[in-house]
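Quick notes on the structure that follows.
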Amino acid sequence: MAPMSETLVVKIGTSSLTNPHHPGLALSTIAGLVEVICQLRRQGYNVVLVSSGAVGVGCTRLGLRDRPSRIAQRQAIAAVGQGRLMRTYDDLFTTLGQPIAQVLLTRGDLAQRQRYINAYQTFQELFELGVVPIVNENDTVAVEELKFGDNDTLSALVASLVEAQWLFLLTDVDRLYTADPRQDPNAKPITIVHDLSELESIQAGGQGSRWGTGGMATKLTAAKIATQASVRTVITQGRSPENLLKILAGEAIGTWFEPQPETVNARKRWIAHGLVPTGKLLLDAGAVQAIQAGGKSLLAAGIQAIEGDFEAQDAVQLCDLNGTEIARGLVNYDSHELQQIRGCQSDQIVQILGYEGAETIVHRDNLVLS
């Protein structure tokens, strides 16, 4: 039995869902995954499935050979494919007596605090009802600047949202390697990662752009988001879904990313990962030190430069003078006001703006370290 109804998020990508030799879904892989998820449910786990494949299924249904490049066409094709994909899942899960639900999300659903809370409550109700939520990005209505961009990131944000204990990223390789094993015979497997800084040399590339900017790069980003939310993350082979059962039984399969100790509350996790920054504040060394080491709020005096056009209460990146992000937070002034008061002492703000505002630019309660 699962300890205390643990929650798992399982993400499967298009490469694992589709047949590499001919168009269409890899039904044997999907059926195997469905069977494993049903076993996990019987063991007491709550399971969320994040499934790609809507655009690919839509292309097959419409007889299109290539993935569309135009956004509007891709969104239309996703609408065609999503229904067929869900029908496949529903048929397979129904055979095993497991109810499912479709949950389509956009980044905007997580960027607004009330909608974020509503999404959390919906997932909790589905778990109470014994339902497996199947999640995908709502491609048909998502605007480019508010897209998750990939389902790896979406799955990590969902894992953080539902306070999962595990995130499984099912892919077309069996684990993470020091280079692309399909291109480099000297690539070495990586079995466990205690800190993502250990992988900086891999993330920097050097083995060809396909490996550095493709699917594995997004999985490392997802692992960072999830582990910061204390979610243990595993990359493993998608065509062997039975690996999930073996991993939960303690077998060292795939690449494990150890969770970081929980240091922030749910609201700060939302600020760190749910929001999309609309601006950037460049800070002097004193402000950087005060925020990183002292846990202080950001004052106007520490701001050297401002980038972007944003409103009060928008999310912004806080960066050192090299442009390296050190934190994120909710700003108390809009970009026009900040241009006037940057570098000033807090008691000068009312004289400059002509009205009394907040003493802090970003209060420490609305700030989270990167």
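Numbers here mean position along the shown chain, with the first residue as 1.
The backbone N, Cα and C atoms fix where each Cβ goes, glycine too.
Taken from Swiss-Prot, the feature ATP binding site covers K11, T171, D172, T213, G214, G215, M216, A217, T218, K219, and the record attributes it to sequence analysis. Here the Cβ of D172 (ATP binding site) has 14 other Cβ atoms within 10 Å, regardless of which shown protein chain they belong to.
Under the heading substrate binding site, Swiss-Prot lists S52, D139, N151, citing sequence analysis as support. Following the DSSP three-state reduction, the secondary structure of D139 (substrate binding site) is coil. In sequence order, A54, V55, R74, Q75, A78, A79, Q82 are the residues near D139 (substrate binding site), counting only same-chain partners six or more apart with C-beta under 8 A.
Residues annotated as domain 'PUA' in Swiss-Prot: 278-356.
Annotation: N151 carries the greatest number of neighbouring Cβ atoms among the binding-site residues N151, T218 [cut-off 10 Å, Cβ to Cβ]. Summarising the environment of K11 (ATP binding site), the number of other Cβ atoms within 10 Å of its Cβ, over all protein chains shown, is 28. Taking Cβ-Cβ distances under 8 Å and a sequence separation of 6 or more, the neighbours of M216 (ATP binding site) in its chain are T171, V173, L176, D180. Take the mean position of the Cβ atoms of S52, D139, N151, the recorded substrate site; other residues of that chain with a Cβ within 8 Å of it are T14, S51, G53, A54, V55, A78, N136, E137, D150, L154.
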